Amino acid sequence: MRAAAASRYIGLMSGTSLDGIDGVLADFSQGKCLVTQHASAPLAPELRAELLALNTPGDNELHRAQLAANALARACAALVQQLLRQAALDAADIAAIGAHGQTVRHRPGAFDATGYTVQLNNPALLAELTGITVVADLRSRDLAAGGQGAPLVPAFHQSCFARPGQDMAVLNLGGMSNLTVLSATGQVRGWDCGPGNVLLDLWCQRYTGQPCDRDGALAASGQVQDALLRSLLTEPYFSRPAPKSTGRDLFNARWLQQHLAAAPGARVQDVQATLTELSAHCCAQDLRRHAPATRQLVVCGGGVRNRELMRRLQAQLPDVRVMSSDALGIAPEQVEAAAFAWLARQCLHGEPGNLPAVTGARGPRILGAIYPA
Ligand SMILES: Nc1ncnc2c1ncn2[C@@H]1O[C@H](COP(=O)(O)OP(=O)(O)OP(=O)(O)O)[C@@H](O)[C@H]1O
Ligand SMILES: CC(=O)N[C@H]1[C@@H]2OC[C@@H](O2)[C@@H](O)[C@@H]1O[C@H](C)C(=O)O
């Protein structure tokens, strides 16, 4: 490996929204994470449909899961080549790729009996195709140590955004939403709040055929249905104490269907408005309950681009300055992938990647398995 390469990492994230793969090239030579390149690629429609289908038990799923993992590794390798081209670098210039894989099951808790988390991935193939060391399987060690295996980004949020002596919170509006609370004292807390974009995408796709409610336009044209919102908010997950994490295992079409009876006459746009209010509400409520003194909320993830969601979030938090992570020098869609570049670096340096106070693990653990170049 070349000298400067030791500080360059690639992070790859395909999150619960299943909208595609985000990749970044990050430079850690100044101690901080500097994202120098970003690229994203949509998932091929057949792969997206198969990954979505693999979220629920089905026929011959072991075979199908491996094929999907291979296809994802190939798509990731193509994205890595794109990042290298953009940066005019080659494989020898990169220390490692942090490759999250695609979560298709997340059942944390009770590890001894039934807890597990599955991220489809083929890190061996990715290492072979790229000639770069790959760090993968970044969640299971935390889970084995009694943790949730998620969220993992709070440690990165701390390293990237924390300002000494300032209270601040960071909200990721991805498929799920997760909140990190950075206290002036240096304490870090974090958990998954609930559904971020996942139900918004699901509803919008079903009735408009569009992959997402672009800019929140559909939601903005509807009225929140109070009875439906109240029904959705009866979900026990919202009041469970941290540590907690969730996913499509809970917040999915079946879950939504159970509640729709509460709004028999609602129009498509009214349901969209109500789901948008739900996403804003569960994040705002968590911030108010658990970090009432916080006056700065940095938001990242694709949900930042949903203006109606951001408007509702700000309306629920009148005393808080809600801002995009752009304001702190990192684009919202780059934060998660950058976190996985950082996690790969932690692993190669033999440093812990988890925060036991967040995930509930018995202690700090080095996360990930290394597939050398
Ligand atoms: N212009 C836009 N208008 C509305 N929503 C948007 C827009 N751009 C992106 N989004 C939303 O952002 C989502 C993607 O966000 P992101 O990539 O952060 O999620 P993810 O990484 O898949 O999720 P997770 O953080 O749960 O793993 C899309 O599915 C869509 O709902
Ligand atoms: C199991 C899993 O993939 N969880 C994701 C998901 O997407 C958001 C939220 O749910 C968070 O818990 C996590 O991702 C981020 C990157 C994390 O681990 O911090």
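Using the three backbone atoms N, Cα and C, a Cβ is placed for every residue, glycine included.
Sequence annotations record features per position, and here TrEMBL assigns ATP binding site to G15, T16, S17, L18, D19, G20, I21, D22.
Every protein chain shown contributes to the tally, and the Cβ of S17 (ATP binding site) ends up with 21 other Cβ atoms within 10 Å. For ligand 2, the neighbouring binding-site residues among G15, T16, S17, L18, G20 are G15, T16, by Cβ distance under 6 Å.
Counting every protein chain shown, the number of other Cβ atoms lying within 10 Å of the Cβ of D22 (ATP binding site) is 25. Report note: the ATP site is defined by G15, T16, S17, L18, D19, G20, I21, D22, and the residues of the same chain whose CB lies within 8 Å of the CB centroid of those residues, excluding them, are M13, S14, L43, G174, G175, G302.
Close to D19 (ATP binding site) in the fold, though at least 6 residues off in sequence, lie P42, L43, D201, P211, C212, G302, each with a CB less than 8 Å from its CB. The 6 Å Cβ screen around ligand 1 retains T16, S17 from the binding-site residues T16, S17, I21, ordered by sequence position. When the binding-site residues G15, G20 are compared by the number of other CB atoms within 10 angstroms of each CB, G20 has the fewest. Sequence-distant neighbours of L18 (ATP binding site) (same chain, 6+ apart, CB under 8 A from its CB) are L43, R48, L51, L52, Q102, G175. Following the DSSP three-state reduction, the secondary structure of G20 (ATP binding site) is coil. Neighbours of I21 (ATP binding site), defined as other CB atoms within 10 A of its CB across all chains, total 23. Non-local neighbourhood of T16 (ATP binding site): T103, G174, G175, M176, V198, G247, R248, each in the same chain, at least six residues away, with C-beta under 8 Å from its C-beta.
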